[in-house]
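Trainee: Dropping the structure in here first, questions after.
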There are 2 protein chains.
Amino acid sequence: MKALQLGLLGIGTVGSGTFAVLQRNQAEIVRRAGRGIVIKTVADLDTACARAVVGDAAQVVADARAVIADPEIDVVVELIGGYGIARALVLEAIAAGKHVVTANKALLAVHGSEIFAAARAKGVIVAFEAAVAGGIPIIKALREGLTANQVQWVAGIINGTTNFILSEMRDKGLDFDVVLKEAQRLGYAEADPTFDIEGVDAAHKATLMSAIAFGVPVQFDKAHVEGITRLAAADIRYAEQLGYRIKLLGIARRQAEGIELRVHPTLVPTKRLIANVEGAMNAVMVQGDAVGTTLYYGKGAGSEPTASAVIADLVDIARLSGAGEGARVPALGFQPEALAQADALPILPIEQVLTSFYLRLRVADEAGVLARLTGILAERGISLDAVLQRPGDEVAAGQPAATDLIMLTHITREGAMRAALAEMQALPSVLAPIVSLRKEDLA
Amino acid sequence: MKALQLGLLGIGTVGSGTFAVLQRNQAEIVRRAGRGIVIKTVADLDTACARAVVGDAAQVVADARAVIADPEIDVVVELIGGYGIARALVLEAIAAGKHVVTANKALLAVHGSEIFAAARAKGVIVAFEAAVAGGIPIIKALREGLTANQVQWVAGIINGTTNFILSEMRDKGLDFDVVLKEAQRLGYAEADPTFDIEGVDAAHKATLMSAIAFGVPVQFDKAHVEGITRLAAADIRYAEQLGYRIKLLGIARRQAEGIELRVHPTLVPTKRLIANVEGAMNAVMVQGDAVGTTLYYGKGAGSEPTASAVIADLVDIARLSGAGEGARVPALGFQPEALAQADALPILPIEQVLTSFYLRLRVADEAGVLARLTGILAERGISLDAVLQRPGDEVAAGQPAATDLIMLTHITREGAMRAALAEMQALPSVLAPIVSLRKEDLA
């Protein structure tokens, strides 16, 4: 059987990994796929750089549209990234009848519905294993491995940069800013790290997982997104004393009324496997009603780990492209006509999220404070799981003696907690902005 | 599209889980598969019990062959277990043109080549996600998710009974026999636990993974199998002091000359995620040349977790059964004609295995013993990573003072170690049988 012919758009980190792995493991891949998978053409504005990577093994062009127009090319592999030109090229490739493989989570989280509809109308496959958690086959696990289940929730460490920063903050007791600089120096964080540290990248991935887990359209605009930039070393330390680690989790959870979709720093019990995922590694937990808890762990980024996912999609296409559409796994795992309408199973506003909380309050060290605080919580139906009182670490001259009060709550609606926080913050005995972090037991 | 019609052979733990999950999640499954998946007939010798499970929702018969002969049935789900009647029925179902889904690792590890060849000749699918690690989609990860990779090794905790026993031995400092009785009382171990505690069940699963990882035929008879029955609490304790946990691992590793296929208690660094997999949970690590280290974790047994895997296979079949054979994933992930011949990539004898060792020697507490022991190791090219000397915990009257000597070696061929062990054992200063356990860094 003729080898599958690829056109690569962009040959940066992931593109050169894809080229290298296809070259090195071609024989093994043919044994598995039953046919070759060959890069025919690479399109990159920097043709000199592209040629340095591929040598004589593939054509190099500057114009991506020449690749799309080539009738011999079966699959366009989009590795440009971003929402702009990538969107146009992916839609043009689909219109030209090409299958598309992409690692572009931003594109799919924002424009996925448009792209999947276009692919369906044209009868081509859009595959994106590499868009979530790098080399970990989590899209396949959700779309195919766990199809028996009503998924209850998905929670993942899906951004290596922030997990590296959090690991370093904990290990070395350093603050965010210091560790970020170190991470940039080591290449774990980009020069402009905004998408990573503000949780946007994780939210793109969580959005894709929420759609596949529950059969709803991708709705990145409904995601609640908080990054790690305001996280203090003190809270990592207090959490540790209480038996928790702080991880930036992407969470998608089904409630009766809709779906929680959120990214934020989260306290996780230290004894959970996922709490022990360190450095730039990724891990995703999936809770299904039949299978119980499962976890998938590996490298979430990097040249060859991401290429591993790109090529897995290509092998699937090599096996499936001759078959009818019925044989293919739908883009989001659910048949397109069976996707829930956005209003039938809405993404819930953050106020409706059910979670527990870690609170750190700097309070005046005087009688009655704890009683008033717990009274406010009790009025909102929020009950406490643990309280930890610590000496405050600095008291300016002329100020009253102050102490740090740490409280862990049981599960509550976020709306109730927000109201309670506003009321507590207004008390004169509360001397500084209250720190509140969400806590998930993941049991 | 017409619902996929199933015939279930056997409705014990996994069968009733499969029935329950198909009933409960039918709507979600239809949304994913694009068609229903319905149990038409259940065959079980205990028809009363079967009827109690399925009520009026399916036909119940005593004769499995009536199911196989039914032209309306698309898929035979074999949940009888064992090598005997199950083999005959699976081959008959294939001969009758039925697809087969099975959770029977023993059957496939021993008779897989015959069964896969029969299925291929007849153009039907034999699927077995449930045969390894219960609900964890590890077969799919290996066959489809990691197809870009040359797999370097697979190492897994793939028997929940023994992992439960090892966790309890460590937690409570108890010996094997005591914990086994407790496990039997709690239902974690069967009345006849031989297959679990002697490592046979894990070896069945490791055999299947070795075939899929490397593209070789299933060769259970070549596996090296050791269980946990001779493991002493003292060794678990010493290992812990040195930074290791002892797990029963199933390992398949590629060497230049062939494949290591082995099950044995193994020291694993405590900091590895897999060392922290406790109780009856399963986890499998896969190391690929592109993806690096990945890990898959979940429940390895039980009614609904195993049903989750059975139904995932059924959804695959529902999606694929109309498509041509080229579209299907081959049984072992590699195209049948591309499987390596057993002699081209042989399973290596245990002497050729590369591993490191933990040794515990009860030695006379006298000058020169350590020098002679390390001399014997050095002669065989075996170097030491660590030595721990502890006071012996009992000295009978009239015997020389004795001490426990613990040694960790670097990687060596097992054959060299066996020769060194024989020589060391013959020394008069070595007072008791030497305990040797294998150690894997899994890095």
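Placement of Cβ uses the backbone N, Cα and C atoms for every residue, glycine included.
Sharing the record's features from TrEMBL:
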| type | residues | note |
| --- | --- | --- |
| BINDING | A:LEU9, A:GLY10, A:ILE11, A:GLY12, A:THR13, A:VAL14, A:GLY15, A:SER16 | NADP(+) binding site |
| BINDING | A:LYS105 | NADPH binding site |
| BINDING | A:GLU190 | L-homoserine binding site |
| ACT_SITE | A:LYS205 | active site, proton donor |
| DOMAIN | A:358-438 | domain 'ACT' |
Trainee: Within the domain 'ACT' (A:358-438) only, compute the mean pLDDT.
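Mentor: Mean pLDDT, the domain 'ACT' (A:358-438): 91.
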Trainee: In angstrom units, rounded to an integer, how far apart are the Cα atoms of A:ILE11 (NADP(+) binding site) and A:LYS105 (NADPH binding site)?
Mentor: 17
Trainee: Ten-angstrom check, please: count other Cβ atoms within 10 Å of the Cβ of A:GLY15 (NADP(+) binding site), all chains counted.
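Mentor: Excluding its own Cβ, A:GLY15 (NADP(+) binding site) sees 28 Cβ atoms within 10 Å.
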Trainee: Which chain neighbours of the NADP(+) site, leaving out A:LEU9, A:GLY10, A:ILE11, A:GLY12, A:THR13, A:VAL14, A:GLY15, A:SER16, have a Cβ atom within 8 Å of the mean position of the site's Cβ atoms?
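Mentor: The surrounding set, listed in chain order, is A:LEU8, A:GLY17, A:THR18, A:ASP44, A:LEU79.
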Trainee: Please name which of the recorded positions listed here, A:LYS105, A:GLU190, A:LYS205, is nearest in space to A:LEU9 (NADP(+) binding site), Cα against Cα.
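Mentor: Spatially nearest to A:LEU9 (NADP(+) binding site) by Cα position is A:LYS105.
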Trainee: Judged by the number of other CB atoms within 10 angstroms, which among A:GLY10, A:GLY12 is the least packed of the binding-site residues?
Mentor: A:GLY12
Trainee: Rounded to the nearest Å, what's the C-alpha distance separating A:LYS105 (NADPH binding site) and A:GLY12 (NADP(+) binding site)? Just drop the number here, would you?
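Mentor: Between the Cα atoms of A:LYS105 (NADPH binding site) and A:GLY12 (NADP(+) binding site), the distance comes to 16 Å.
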Trainee: Determine how many residues of the domain 'ACT' (A:358-438) DSSP places in helix, in strand and in coil.
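Mentor: The composition, in the requested order, is 23 helix, 30 strand, 28 coil.
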Trainee: Would you mind listing, in sequence order, the residues at least six apart from A:SER16 (NADP(+) binding site) in the same chain with a Cβ closer than 8 Å to its Cβ?
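Mentor: Same-chain residues close to A:SER16 (NADP(+) binding site) (Cβ under 8 Å, separated by 6 or more) are A:VAL53, A:SER303.
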Trainee: What's the CA-CA gap between A:THR13 (NADP(+) binding site) and A:GLU190 (L-homoserine binding site) in angstrom, rounded?
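Mentor: One finds 13 Å between the Cα atoms of these residues.
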Trainee: Let me check the 10 A CB neighbour count of A:ILE11 (NADP(+) binding site). How many other CB atoms are there?
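Mentor: Cβ-Cβ neighbours of A:ILE11 (NADP(+) binding site) within 10 Å number 28.
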Trainee: Between the Cα atoms of A:GLY10 (NADP(+) binding site) and A:LYS205 (active site, proton donor), what distance do you get, rounded to the nearest Å?
Mentor: 21
Trainee: Other than its own, how many Cβ atoms are within 10 Å of the Cβ belonging to the residue listed as 'active site, proton donor'?
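Mentor: That number is 25.
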Trainee: Find the shortest Cα-Cα separation between A:GLU190 (L-homoserine binding site) and the recorded positions A:GLY12, A:GLY15, A:LYS205, and name the residue that gives it.
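Mentor: The answer is A:GLY12.
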Trainee: C-alpha of A:VAL14 (NADP(+) binding site) to C-alpha of the residue listed as 'active site, proton donor': distance in Å?
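Mentor: About 17 Å separates the two Cα atoms.
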Trainee: Pop the Cα-Cα gap between A:GLY15 (NADP(+) binding site) and A:LYS205 (active site, proton donor) into the table, whole Å please.
Mentor: 20
Trainee: Among all protein chains shown, how many Cβ atoms are found within 10 Å of the Cβ of the residue listed as 'NADPH binding site', not counting that one?
Mentor: 26
Trainee: In terms of DSSP three-state secondary structure, what is the assignment for A:GLU190 (L-homoserine binding site)?
Mentor: coil
